[in-house]
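Per TrEMBL, the features are as follows:
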- His42, His68: heme binding site (BINDING)
- His245, His250, His268, His272, His347, His350, His351: Zn(2+) 1 binding site (BINDING)
- His271, His326, His330: Zn(2+) 2 binding site (BINDING)
- 7-85: domain 'Cytochrome b5 heme-binding' (DOMAIN)
- 179-199: transmembrane segment (TRANSMEM)
- 224-244: transmembrane segment (TRANSMEM)
- 281-303: transmembrane segment (TRANSMEM)
- 309-329: transmembrane segment (TRANSMEM)
Amino acid sequence: PGPMAAPRSFSAAEVRERCARGACLVRCRRRLYDLSAFVRLHPGGEQLLRRRAGTDVSAALDGPPHRHSRNARRWLEQYYVGDLQPGDEQVPPAGGRGWHRLLEPVDEKAVDATAQTPARVDPRCKSVDEEKDLVDWQKPLLWQVGYLGEKYDEWVHQPVDRPIRLFHSDILESLSKTAWYVVFMVWTPVVLYLSWVSYTSLAQGNTRLFSSFTTEYSIPVHKYYFPFIFLVGMFLWSLLEYLIHRFVFHMKPPASNYYLITLHFLLHGQHHKSPFDSSRLVFPPVPASLVIGFFYGLLQLLLPEVLGLSVFVGGLCGYVIYDMMHYYLHYGSPKKGTYLYGLKAYHVKHHFEHQKSGSFGISTRFWDRPFRTLIPEETFEKED
């Protein structure tokens, strides 16, 4: 988002009018926030926020059913637009219940007292001031973050809602980001073609396991085994997805090492700093092809040629599903109660609350269980 207009004072009538026109303004006491640009991204669903338009969400932030983290409260402050005029604290949504409250007599002394009190910010809602941030957002970030040293880890895990530029070069910058559908368009034909090659090669009947060690006890691999080998590849990808995310993407670079901090930001830190930058949610095809080529070569060394290809194509399919699902978990609006709804809420918790301790599985929570990194269900006790 670009520079916001200076905060100003709003009347209850103006808030009602804006909400009636489709805007989603909410408030914490007298502080007003315009969430119109965020409603589609909210992990609880767009309709949940729409129902709260024009109301005070202070209690909802503390829950139940969910207590919002410090990062979530800090995120909210990015949408601050001004304060509600004293005496206009009751602003129910258009057509909703509670309109009669606006007609109730107002205690003039209470209004005067409120007018003397500035709309204070909850200390848990301290926002990221981009003008006074540790980096210059008008310049590419990649070569700046290494200088943050011991401040990098806290800084990178305070998410902001704005796009990131990494490189000075327009060419390198274009290669570092991509639209979600490009991944599908590039790799799906590769998966289909290599699946056909694998199946037809197995159909020739020349592929045998352990043939490099013994011919007497080698095991023939029939073409009918291809679907199972393909699924093994997908399963292995899900494990690889977890391991890379946990041990590579979430390594904590030494505060004294400029290059490792820079590498971490390039690989994954940028995504945690700006989790809703739509051009950086999937792996761009050019750098992805280098990583994919490495795993292809590794499987060709470890397994018979056609068998290695069959496992590889299953893994490649798993990767495409992972990237599509990752984009959907950020920008999709799954129906409440569905598997994807729970997975979206789970993944957003990873970004805003459990960045270092859990939820390393993205397309599935399966591996979080045996590795004991599953985020526990929230046992709710309301804070004072």
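Cβ atoms here come from the backbone N, Cα and C positions, even for glycine.
Curation plays no part in TrEMBL annotations; they are all automatic predictions.
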For the transmembrane segment (309-329), which partner among 179-199, 224-244, 281-303 gives the most CB pairs under 8 Å?
224-244
If you skip the near sequence neighbours and keep only those at least six away, which residues in the chain come within under 8 angstroms of His68 (heme binding site), Cβ to Cβ?
Leu61, Asp62, Leu76
Alpha-carbon spacing, His330 (Zn(2+) 2 binding site) to His347 (Zn(2+) 1 binding site), which is rounded to whole Å:
8
Of the binding-site residues listed here (His268, His271, His272, His347), which is spatially closest to His42 (heme binding site) when Cα positions are compared?
His347
His271, His350: which of these binding-site residues has the highest Cβ count within 10 Å of its own Cβ?
His350
Cβ-centroid neighbours of Zn(2+) 2 site His271, His326, His330, 8 Å, sequence order:
Pro275, Arg280, Leu281, Val282, Tyr327, Leu329, His347, Ile362
For the C-alpha pair, I'd like the distance in angstrom between His326 (Zn(2+) 2 binding site) and His250 (Zn(2+) 1 binding site), rounded off.
17
His245, His250, His268, His272, His347, His350, His351 excluded, remaining Cβ within 8 Å of their centroid (Zn(2+) 1):
Phe249, His271, Gln355, Ser359, Phe360, Ile362
Among the binding-site residues listed here (His347, His350, His351), which has the Cα closest to the Cα of His271 (Zn(2+) 2 binding site)?
His351
